[in-house]
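Written out below as structure tokens is the structure these notes cover.
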Amino acid sequence: MARNAYFILLSCLIVLSPSQGQEAEEDLPSARISCPEGSNAYSSYCYYFTEDRLTWADADLFCQNMNSGYLVSVLSQAEGNFVASLIKESGTTDANVWTGLHDPKRNRRWHWSSGSLFLYKSWATGSPNSSNRGYCVSLTSNTGYKKWKDDNCDAQYSFVCKFKG
């Protein structure tokens, strides 16, 4: 008799355990990042677009002072599409928007100001342009803000900051 009761109890535990575990997993809140008002979340980062027009260096400094961020690094096509949508949804008419990509030693070796590896590339046709000698990179409106061109770092453009959420 005790053996039968043990078997029934064990059977019930085996049958109930998977469904109880599934309920527990479904009840867990999903990990979400919290971004300050005016910024938008993508992946584990917050993105802030401003139409304030600054030089590349001043824009990067602005981003560093804002939640320890940097000018935006675009590390994939998906992220580039998100950034382009963010800019377009603002309604801006700006032709160029700064990114964090630059050539600090002026030797045509590009680096993200955030220190991220420069692996993904989305240059506009004809860029980078060796005769232009631009050492900073902007997104261009004529490509829907999806392609990059090298530009004069002293030009004053709007920009996107990226920081951890």
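Counting begins at 1 with the first residue displayed.
The backbone N, Cα and C atoms fix where each Cβ goes, and this holds for glycine too.
The disulfide bond annotation in Swiss-Prot covers Cys35-Cys46 (among others) and is backed by sequence analysis. Taking a C-beta cut-off of under 8 Å and a sequence gap of six or more, Cys35 (disulfide bond) has these contacts in its own chain: Ala41, Cys46, Gly165.
Taken from Swiss-Prot, the feature disulfide bond covers Cys63-Cys161 (among others), and the record attributes it to sequence analysis. In this structure, Cys63 (disulfide bond) is part of a helix by DSSP.
Among the features that Swiss-Prot reports, disulfide bond is placed at Cys136-Cys153 (among others). Long-range C-beta contacts of Cys136 (disulfide bond), restricted to its own chain and to partners at least six residues apart, with a cutoff below 8 Å, comprise Trp56, Trp98, Leu101, His102, Asp103, Asp150, Asp151, Asn152, Cys153. For the recorded site, Cys136 (disulfide bond), the DSSP three-state label reads strand.
Residue counts for the domain 'C-type lectin' (33-163) under DSSP (helix as H, G, I; strand as E, B; rest coil) come to 26 helix, 41 strand, 64 coil. Annotation source Swiss-Prot lists domain 'C-type lectin' at 33-163, citing sequence analysis.
For Asn129, the entry in Swiss-Prot reads N-linked glycosylation site. Sequence-distant contacts (6 or more apart, same chain, Cβ under 8 Å) of Asn129 (N-linked glycosylation site) comprise Lys149, Asp150.
According to Swiss-Prot, the pyrrolidone carboxylic acid annotation covers Gln22.
Annotation comment: Swiss-Prot describes 1-21 as signal peptide, evidence class similarity to another entry.
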Residues satisfying Cβ distance under 8 Å from Cys161 (disulfide bond), sequence separation of at least 6: Ser39, Tyr47, Tyr48, Thr50, Phe62, Cys63, Met66, Asn67, Gly69, Tyr70, Leu71, Val72
